[in-house]
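*Asks:* Annotations per TrEMBL:
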{"type": "BINDING", "residues": "T45, T177", "note": "Mg(2+) binding site"}
{"type": "BINDING", "residues": "171-177, 196-200, 265-268, A321", "note": "GTP binding site"}
Amino acid sequence: MGSKSSKRRKNKRTQIIEEQLRTDSLKKSQQIKVIVLGAGDSGKTTLLKQMKIVFQGGIPEHDKKFFRDTIRANIINNMLTLLRAAEDLDVHLSEENEKIAQFFFSSFIGDSDSLTETARDQVYQLWSDSQLKQVFEERSKFQIADQAGYFFDEVKRIADPDYIPTNQDILNCRIPTTGVNVVEFHLNNYHWQVVDVGGQRSERRKWIHHFDDVSVIIFVVALSEYNQRLFEDVSVNRMHESLSLFNKTTNSEYFRSKNCIILFNKLDLFARKIKEVPLNQYFPEYHGDNNVESGKEFFKQKFLTIGSNHQRHIFAHFTCAIDTEGMKLVLESVNLCIIENFLKDQGFV
């Protein structure tokens with residue numbers, strides 16, 4: 001009697017365990033994990049912001065205060081950077097603006113995030129100086145965010161006491177990723193987990209902890225940075241770094257068989273730059289014209305040549321990550337591609 005009772009309890013436990021395993025297996029089959037890789041300042045974090053806007057209904061209100069303070073601090077710090085660059089490049093502003101610049105320097109020793117009315121007016125006046133704008137156009141010679149000009153243009157609105165950042169402000173706000181940034185959402189009956197890890201060299205050692213169960217890689221490349229240098233190492237060209245990083249990651253033991261989507265980002269900046277900055281100055285092997293289509297195809301083929309193998313597919317999209325409507329179409333296309341490949345990996349297709 002006791003033996004039969006013990007056997008029934010054992011069978012019941014086995015049944016419970018098997019049901020739990022089936023449940024876990026079903027949940028796992030409905031989870032899609034994507035890792036977003038790329039060099040620093042390529043636009044990875046902007047991509048995740050767009051995912052929040054498109055798939056989560058927008059940026060949470062409690063995040064907007066953080067972005068407001070960061071945007072204001074960035075305006076001050078970027079203007080300080082621009083003024084220092086003007087000095088280094090021996091560019092002289094108008095006599096009036098030279099005085100304003102000196103006062104601005106003295107007001108923000110140690111870098112302040114206080115965008116007062118006085119600071120607002122000084123930034124507005126300095127940014128109206130054509131010589132300073134020309135320095136900004138030569139930003140490949142120093143380190144400043146591409147989006148700084150956008151915020152200088154909007155300084156009066158941003159300095160308003162009642163200012164609340166718009167989605168466009170938040171998309172343009174540069175915050176280097178440190179650690180791990182995760183966006184989760186439900187789409188097409190799947191639970192998505194999109195993981196962004198810091199792109200600067202000091203952050204990359206953290207990537208390995210997030211390689212398990214990755215369904216697909218999204219690798220972000222800043223097309224416009226073919227003539228710019230790394231923040232963390234000014235001796236290294238950013239596009240060369242992206243090519244090297246793409247080779248190391250996609251051909252590593254972790255990702256050799258993983259499908260990859262390359263987002264060639266900052267297409268708007270690239271389109272303007274290639275008309276003024278010849279591509280073959282930085283890539284002598286380029287023999288095409290200085291036009292957008294030829295430049296796009298050149299970089300696309302360089303990356304595809306590095307990453308192609310018989311074990312996986314590589315897909316390429318050209319994007320402007322701050323353009324929500326354009327990115328919405330790209331993200332929908334990317335998601336369909338990921339789901340199709342995910343189903344194949346799970347054996348459903």
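Every residue gets a Cβ built from N, Cα and C, even glycine.
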*Asks:* Give me the count of other Cβ atoms within 10 A of the Cβ belonging to D268 (GTP binding site).
*Replies:* 17
*Asks:* Let me know how many other Cβ atoms fall within 10 Å of the Cβ of T45 (Mg(2+) binding site).
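*Replies:* The answer is 22 other Cβ atoms.
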*Asks:* What is the total of other Cβ atoms whose distance to the Cβ of N265 (GTP binding site) is within 10 Å?
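*Replies:* That number is 27.
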*Asks:* Out of L171, R174, which of these binding-site residues shows the lowest number of other CB atoms within 10 Å of its CB?
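*Replies:* Sparsest of the binding-site residues L171, R174 by Cβ contacts within 10 Å: R174.
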